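Participant: Take a look at the following structure, please.
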Amino acid sequence: MITITLPDGSRREFEGPVSVMQVAHAIGPGLAKATIAGQIDGGHLVDASDLIEHDAILRIITPEDQEALEIIRHSCAHLVGHAVKQLYPEAKMVIGPVIADGFYYDIYSKRPFTPEDLAAIEQRMVELIAQDYDVVKHITARHDVVRLFKERGEDYKLRLIEDMGPEVTAMGIYHHQEYVDMCRGPHVPNTRFLKAFRLTRISGAYWRGDTKNEQLQRIYGTAWADKKQLEAYMQRLQDAEKRDHRKIGKAQDLFHLQEEGPGLVFWHPKGWVIWQTIENYIRRVYRNSGYGELRCPQILDVSLWQKSGHWDNYKENMFFTDSEKRTYAVKPMNCPGHVQVFNQGLHSYRDLPIRYGEFGACHRNEPSGALHGLLRVRGFTQDDGHIFCTEAQIEAEVTAFHRQALQVYADFGFENIQIKIALRPDKRLGDSLSWDKAEAALRAALSACEVEWQELPGEGAFYGPKIEYHLKDAIGRTWQLGTIQVDFMMPGRLGAEYVDERSQRRHPVMLHRAIVGSMERFIGILIEHYAGIWPTWLAPVQVVIANITDAQYEYAEQVHKALLNQGFRVNIDLRNEKIGYKIREHTLQRVPYLLVVGDREKENGTVAVRTCSREDLGAMSISAFVERLQTEQVV
């Protein structure tokens, strides 16, 4: 007998091995119809057809469960393959993973796919779903899978199988009628679960992500548990399109990118004002938190990067240059340079913690196809800081950083913060005791701050665990920004030492920390978060003064000078245009305040105040308006 325990504590007994679907049927036909997969003993997910061969705790997964989304999306990727092979038999399927909010499938085809092809593929998927067919899984011997894909000419599937170790002797093959694909699963048992999907776009990709390899075509899509969720997501996409930082950046004359410098940003005066405002804000954070700001070279001999480990683990993403028979690397990260500053002199344990901060310009050789406006670039500047401390000081330093980070995010208008701890991976440096201490220190720091967090087992770097800060923006998208990372490796590799209380030389712990991360990416996120409607303290132009007629010319100049003297960013519009035209133009430019001056304002020494949201605040004295502006300044 096999006993299956359900989440409510009830038990069902079966005479022998039983599938998830059979258990669902035993409970009731309604549950069976809704069953997508199962979770065994609170751990891994299995297909509805998989047999349970021992006593187990079973949770049946339905579309109501969060886990169902990934299964639905992965199954939709296979459905893309089914549709593509019916429409374009010569195409060769590569991989089709799940990504945030959706999925994609990479395909090799000599024939470039067009938007019309995308629509045809989507329509064929709808037709296949309407057939309401079962998705059938067979565990198949490796040699039979090889034979199957050879017969079908699926060269990329064969290459993927070649990459698998010899221990893989069998694999799951999922049958969508005549179409087959391999996967660990689980997948939906029937196409009726795939109705709420949409194909969104086509882009280019490279086999194994290497530009030296053949180019593939990537079909992106999204899938949800029901039509309502799909419609809500598509609405969010429309909202995101309106907030696209590239469009707003062009409309507000903030920055541009061009072909001669892929992934490198040209900042225009207005955009640079925003940059400098954020930089000055972060500089104040450095100063108030005991950081010494420094500046390190842009290029360093490769010998340093070999010592740091970047050469072995990161050289494919680095830029190099040669001079006088020496090879230099353009820095992709700032940390090795900060260690060099620390090493200039021997430190006592009494000196620790030592905190360094830098607006460090870095360059990384990102694939051209991955570049995306300000959000993915090759040249970027980080608010990069490093703390050299003892193991006993980790908790206090992390606690201080956490409080500092939350205040920064609040000042920029982010209140919904998710916190995650990435824990030790299987392959790692350092002993288990050091990892125990580091992970315990991160947990203790967050506990002291009375916040909740999610733990991510196995997702820490090989040199230490880290805390990640994920921020939700105005339309519900999540962005990973800040991190604080414990590093046991680099101080030792680069010879960083201090003298402890027993006069012994020891390597300090190094904490890598950033609050906003890449300044370019952060500004891109802010543009989309605010939809270009900047808070007054960040706005490149905070106030525009507009006269009604030439009779107010001199008075408008006086107001302009008075506000400039107070340190505000002010423009003046004295053009011979109708005041309505001026108001519309500056409102569209999202200038926070427009001050209109006519004869009445000139006579009374006031200004008529309007906001970019078209709110009329009436007449104010200049001093009253200055006071209002000052209350809105963060820096």
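Cβ atoms are placed via backbone N, Cα and C, with glycine included.
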Participant: Which of these, HIS268, HIS386, HIS560, does Swiss-Prot list as part of the Zn(2+) site with CYS335, HIS512?
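Facilitator: So the Zn(2+) site in Swiss-Prot includes CYS335, HIS512 plus, from the candidates HIS268, HIS386, HIS560, HIS386.
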Participant: Counting only residues 6+ apart in the same chain, whose Cβ is under 8 Å from the Cβ of CYS335 (Zn(2+) binding site)?
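Facilitator: Sequence-distant Cβ neighbours: SER308, ASP384, HIS386, ASP487, MET490, MET510, HIS512.
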Participant: Looking only at HIS386, HIS512, which of these binding-site residues has the biggest number of Cβ atoms within 10 Å around its Cβ?
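Facilitator: Checking each of HIS386, HIS512, the winner is HIS386.
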Participant: What are the DSSP helix, strand and coil residue counts for the domain 'TGS' (1-62)?
Facilitator: 14 helix, 25 strand, 23 coil
Participant: Across the domain 'TGS' (1-62), what does the mean pLDDT come to, as a whole number?
Facilitator: 95
Participant: What other residues of this chain sit with their CB within 8 A of the center of the CB atoms of CYS335, HIS386, HIS512, the recorded Zn(2+) site?
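Facilitator: So the additional residues around the site are MET333, ASN334, HIS338, VAL339, ASP384, GLY385, GLN485, ASP487, MET490, MET510, LEU511, ARG513.
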Participant: Looking only at DSSP and grouping its letters into three states, which state does CYS335 (Zn(2+) binding site) belong to?
Facilitator: helix
